[in-house]
Amino acid sequence: SLSAGLDLPGRFLFAVLTLMTLIANLVFIDEAVYIYRKIPSSKISVIIWINAAAPVIATTSCIGMWIPRSTMFTDFTAAVFFAIVIHKFLLMMIKECGGQKLLLRRFENGRFKISTGPCCCCCLCLPRVRITRRTLFWLKLGTFQFAFLRPVLMFLSIVLWTNGNYTLYNLSPKGAAIWINCFVGVLTIIALWPVGIMFQQVRTLLICKKIIPKFALYQFILILNHLQAAIINILAMQRIIPCAPPLSSTARGAYMTQQLLIMEMFLITVMSRVVYRRRYDDLEPPQWMAEEAADNKQTP
């Protein structure tokens with residue numbers, strides 16, 4: 001632990017960040033209790049998983065801040081958890097439309113716009129794909145593969161690390177880290193694409209469910225937890241972030257990442273509570289349901 005060598009401002013900063021992590025977890029517990037009481041049972045699991053993303057990342061960052069040697073494990077844990085959250089967010093959009101069957105009936109003549117980020121945002125000539133059970137299966141498979149393979153790659157990385165073949169900041173072609181990180185990057189892009197496709201399709205329908213701010217919070221967590229951390233790590237490896245004994249450049253970069261994430265995830269946890277705690281009206285039933293209901297009333 002580095003806390004023994006901290007001066008008074010450093011200890012104060014650590015104490016404030018630890019308190020922010022604790023408050024974020026308490027806010028999440030309060031939100032989870034509300035969700036269990038007020039939200040239909042079919043949506044409880046996915047909404048709790050999504051709400052847990054920010055406090056879990058804050059907690060792992062706090063542990064990594066206090067115990068520097070655990071950084072690799074805490075970073076992997078946060079990455080694996082968010083990989084599952086990506087899949088859960090896609091499922092939440094489907095459930096908010098009334099489930100897969102009702103979504104297919106609502107958009108039975110519709111088509112998915114697949115020229116969206118992060119894979120094909122520039123490929124405007126791509127054809128639209130019919131919304132069928134098969135295309136929904138492929139979208140769900142696109143996010144599920146990341147939720148499944150990310151823990152497998154985490155386990156492989158830890159095995160290689162114990163054998164001395166995996167070093168987190170060794171990005172030479174002979175090391176395993178560069179190849180595993182590139183593979184994870186490709187899987188991440190593949191997983192984000194179905195979420196973007198589904199969001200483009202349902203955002204107008206689910207505007208009463210506040211889907212746009214929910215998607216924005218999900219995107220903020222993604223950018224801050226992956227892109228921000230990658231940028232700081234690159235700056236540290238290039239020695240642009242100078243070393244400050246007893247901390248090397250990479251160690252200082254890790255500390256900066258963890259401390260920024262704690263503050264950012266605290267704010268996102270509070271905003272998530274505001275966005276997800278509101279009660280929303282149910283969606284208007286599609287035309288075919290209204291007609292069936294009218295027929296049932298007329299039948300003696």
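Cβ from N, Cα, C; glycine included.
As annotated by TrEMBL, transmembrane segment applies to 12-34, 46-67, 73-94, 137-161, 176-195, 215-236, 256-276.
Of the candidate ranges 12-34, 46-67, 137-161, 176-195, 256-276, 46-67 has the most C-beta pairs within less than 8 angstroms of the transmembrane segment (73-94). Against the transmembrane segment (215-236), stretch 256-276 shows more Cβ pairs under 8 Å than any other of 12-34, 46-67, 137-161, 176-195, 256-276. Stretch with the largest number of CB pairs closer than 8 A to the transmembrane segment (256-276), among 12-34, 46-67, 137-161, 176-195: 46-67. Residues 1-3, 14, 17-18, 20-21, 24-25, 27-28, 31-32, 35, 39, 74-75, 77-78, 81-82, 84-85, 88-89, 91-92, 95, 214, 217-218, 221, 225, 254-255, 257-259, 261-262, 265-266, 268-269, 272-273, 276 of the same chain, all 6+ positions outside the transmembrane segment (46-67), place their C-beta atoms under 8 angstroms from a C-beta of that stretch.
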